[in-house]
Amino acid sequence: HSCSLTTFCMLISFPASLQVDIVPSQGEISVGESKFFLCQVAGEAKYKDISWFSPNGEKLTPNQQRISVVRNDDFSSTLTIYNANIDDAGIYKCVVSSVEEGDSEATVNVKIFQKLMFKNAPTPQEFKEGDDAVIVCDVVSSLPPTIIWKHKGRDVILKKDVRFIVLSNNYLQIRGIKKTDEGTYRCEGRILARGEINFKDIQVIVNVPPSVRARQTTMNATANLSQSVTLACDADGFPEPTVTWTKDGEPIEQGDDEEKYSFNYDGSELIIKKVDKSDEAEYICIAENKAGEQDATIHLKVFAKPKITYVENKTAMELEDQITLTCEASGDPIPSITWRTSTRNISNEEKASWTRPEKQESAPQAQSSASNSLFLSCQTLDGRIVVRSHARVSSLTLKEIQYTDAGEYVCTASNTIGQDSQAMYLEVQYAPKLQGPVAVYTWEGNQVNITCEVFAYPSAVISWFRDGQLLPSSNYSNIKIYNTPSASYLEVRKSKE
């Protein structure tokens, strides 16, 4: 009986532990930027899978558009965050699954921060001179920034100008902004914790409302002389204002009626061609820019030479009650109207006395002025002639018509610009009037000539009678008659008996 000792040796091998690392181990990404993280596995053991998980525990799948997971090889996988936003922040986990060792993992804390960014800071910013200007500059950042405003390299607050105020929303207010405040303003943001700084230069433009002045507020011109007149305004402002014109409230556009109107290069001068009375009006030049508008008024006064616009020839009968001759005239200033005949002027200084063949009569000059409507009635010394004037109309009335009233009457309209005259004719019809001696003396046996002169209108027919018998007659063969338009001549020859 024997006993022996046997030794058994068992080899147990343990897989090497897995080491999972993420590079970089911490991540800070500013909003809008992109960043990737590499998950690496170290160890001898076989492993099955490498997976990434988002902060909410959701497994990230490969080839997503913005947060992408890519398996590089057997030992690594890459997580890429594109165009990061605040919601992407959190702890991301890389998990390695192994048959032998189970799961191993590593994490990385991804922090998303907003870099200093100017969200609403337009340039240029425009203001009207005199307004309280507020320069807008909105700064976006994860941490509240400190805002500093600079102008010409200096902090505006250090200027100690009470017009400059930084408001609670970090906007810059300039009270009663002036043209001299115009320029570049820098909105500068700082975050002390990160040593971060950023700025935005903003161009500030100060618009100045127009001012306009008429070179002459009243212009005079004379009509119908083919004259041109220039109405002019001087306008200032920023931006340079545009100038337009109106006539009695109606716009005058460039290009309208080029035969009547033209403009200089900037519209500040309006040239009116061939001025006539219809051009008399109130003209307004309007200067306008984005800061406002202003206007100036120019009154154009157009004077006109007198022009007789109405006369009429008249026919009357002797001993008729009355006849009126009328004269109408245009002109500016309102013309005065005077009368004259072929022999004399009817003048105010002479009390309108003028001589007719048979008697002396008078009627004063009648006038009307531009300042009022004048009605003037004036009679001659014998009360037979009356002149009346009212505004642009004058009338001359003859009472108890006489044949000597016939003839040419001239009315003359006068003002400071000139005068115009026109004649009218008065025909007076009257019964024949015999002129010459009523008795003729001679001696027996001598030839006798007897003249019968007749005034009449229309022309009269002259007849001779002897002892009631119409001549010529066979009973009186020695009597001959000779006629002319205004006279008849009777010749008595010596009788043959």
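Note: Cβ is positioned from N, Cα and C throughout, glycine not excepted.
What TrEMBL says about a protein is an automatic prediction, not a curated fact.
Per TrEMBL, the feature signal peptide maps to 1-19. What TrEMBL lists as domain 'Ig-like' is 15-111, 114-187, 210-299, 306-429, 432-497. Taken from TrEMBL, the feature compositional bias 'Basic and acidic residues' applies to 348-361. Summarising the annotation, TrEMBL assigns region 'Disordered' to 348-368.
Across the residues of the domain 'Ig-like' (114-187), the predicted structure has a mean pLDDT of 93. Note on the domain 'Ig-like' (432-497): DSSP counts are 0 helix, 31 strand, 35 coil. Across the domain 'Ig-like' (15-111), DSSP helix (H, G, I), strand (E, B) and coil residues number 3 helix, 56 strand, 38 coil. For the domain 'Ig-like' (114-187), the number of residues in each DSSP class (helix H, G, I; strand E, B; coil) is 7 helix, 33 strand, 34 coil.
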